[in-house]
Amino acid sequence: MSAEPQNGPKAGCVALNGVPRDSPTVVVSGALGRLQTQLAPEEETQIRLLPMTPGEEPPGAEGPLAPRTALTPRRFAVLLIFSLYSMVNAFQWIQYSIISNIFESFYGVSSLHINWLSMVYMLAYVPLIFPATWLLDTRGLRLTALLGSGLNCLGAWVKCGSVQQHLFWVTMLGQSLCSVAQVFILGLPSRIASVWFGPTEVSTACATAVLGNQLGTAVGFLLPPVLVPSSHNTTELLAYNISTMFYGTSAISTLLFILTIIAFKEKPRYPPSRAQAAIQDSPPAEYSYKNSIMNLFKNIPFVLLLITYGIMTGAFYSVSTLLNQMILTYYKGEEVNAGRIGLTLVVAGMVGSILCGLWLDYTKTYKQTTLVVYILSFLGMVIFTFTLDLQYIIIVFFTGGVLGFFMTGYLPLGFEFAVEITYPESEGTSSGLLNAAAQIFGILFTLAQGKLTSDYDPRAGNLFLCAWMFVGIILTALIKSDLRRQNINTGITNGDIKAVPVDSPTDEESKTVMMSKQSEPAV
C-alpha cells in the first residue's frame, strides 16, 4: 500500500492487492474512491465509506479520519418521548374495534363502519408513505417527529367534538388525522436507534421504540372496555363515558406534543457509531431519494423481506381489529375479557420484542432469529385457531399470549434486518416501505378475514391467515443474509478489513491489505 503526497499528481491514491497505483485495474481515490472492477455490495460499501490508511485525510478534510463517537444521555429522553406519543397513537387506532358493538349501537352504524375506523390507519399509510419518508430524509428527524406528535394531538381533540349519535363523520375525521400522524411515527424506530444509539445497543433501542406502539395497542385493548362498559346504559351515560375517554386521550397527547417540541433534537453532537459517522460525513449532494427507492427495490433480499414482513404484520393488524368479534362469537357478553385477551397478546409481544432486540445485539444472527420467530408465530396462530372454540376462556388467554409473544416480537426484527441488508440506504425509507407493505396486507387481510368470519366462523378466517403465514416462512428462508452495517462496524472495531479482490491476469493469488487498529478516542 502506498500513497502520493497531497500535492502530487495522484493524491490520495493507494495500491491494492499488489497492483501498482498507476494500474487501471483498481484505483481508490479521494474520500470515496472509484472502482474499475465489479464489487460485491458489502465490499463496495467498505471501500466507499472507510478510510484506506490510518491517519490519511481526504483532500479538503479537517481533523482525523477516525471520527469521534460519543453517546449522550439525551438519547433516552428522545426514545422515551417518541415511545409515549407512539403509544397514544396506537391506543387511538384500536380504541373503537375492541368495543365495536358499543360504538355500533351508539352511532347506529354497521360493523364494517367500525372496522374502517381501524382500517383507515392502513389506508392512509399507503399513499402518504413516500412523501413522509422523503420529508424524513430531506428535512430531518425533528420535523417528522413534530408532525407525528402534532397531528396525533389534533386528531384526538377533533374526536372530542364527535360525542353525539349523528356525528360519526366527525369521529372518522379525527381518526383520519390520527392515521396521517401514524405515517410520521411508524418509520422512526430504526432511524432513532441508528442516529442516537451505539452499535451494541441499537437493536435494543429499536425494539424499545417499537415497544411503545405495542404498549399503546395493549392499553387500547384494556382501557376502553373499562371506561365505556357494555350495559344497558342510557344514551347520555354512554356519551359521558365516551367523552371521558376522548378528553383524557387529548390531554395526554397535548402534553407529549409539548415535550416533543422541548426535548426532541435532530441528532446528537457526535455520532454514536462509526457507521453513522460515515453516513453523516458523506456529501449531501450525493443523496437521491429516487435512487434510494430504486436501490431498495433492486435489492432482492429486501423485496423478499418486504413481502414477509407485510404478511406477518398484516396478520397481526387483522387479528387485533377482529379480536372482539372473534371472542364474542364463542363467549357472549365477554367484552372485558376480550380486551384482556388483547392485552395479554400485546404484553407478551412486548416481552418478545425486548428479548429479540437483546438477542440480536448479542448474537447478530438476524436471518436465523427472524426465521425461527416466523415459524413459531405460525405455530402459535394454528394453536390459537383450533383452541378458540373450546369454551374455556383461560385457554384463549394462554394461546393468545403465545401468539402475541412471537407475532408481535417479530416487528423489531423486521426493522433491524432491513437496516442491515440495505445499509447505507436511509433507515426511514426502508422502514417506511416495510410499514406500507404491512398496511396493504393489513387492509386485505382484515377485509377477507372479516368476510370469512361473518359468513362462516372465526376458524375460517384464522385458517386463511395461517395459509399466508406459511407462505411467509418459505419466503423468509430464501432471504440472503448480507449484514452490511454489521460488516462496517465489525471491520473498523477489529481493525481488520479485507481489501477488494482484484482479478489480475498477472497476479493469481490476491494479497490482502490489512488496516492497523485505529485507537478509539476517549468518550
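Keep in mind that glycine also has a Cβ here, set from the backbone N, Cα and C atoms.
Annotations in TrEMBL come from automatic prediction, not curation.
Between the listed ranges 49-73, 499-523, TrEMBL ties the annotation region 'Disordered' to 499-523. A Cβ distance under 8 Å defines the sequence-distant neighbours of the transmembrane segment (460-479), meaning residues of its chain 6+ beyond its ends; these are 301, 304-305, 307-308, 311-312, 315, 318-319, 322, 326, 367, 370-371, 374-375, 377-378, 381-382, 384-385, 388, 421, 445, 448-450, 452-453. Within its own chain, the transmembrane segment (300-319) has Cβ neighbours under 8 Å at 118, 122, 326, 345, 374, 377, 381, 403, 407-408, 410-411, 414, 417-418, 421-422, 430, 433-435, 437-446, 449-450, 462, 465, 468-469, 471-472, 475-476, 478-482, counting only residues six or more beyond its boundaries. The predicted model assigns the domain 'Major facilitator superfamily (MFS) profile' (78-484) a mean pLDDT of 86.
Segment contact is absent for the transmembrane segment (245-264) and the transmembrane segment (371-388), given fewer than three CB pairs below 8 angstroms at sequence separation of 6 or more.
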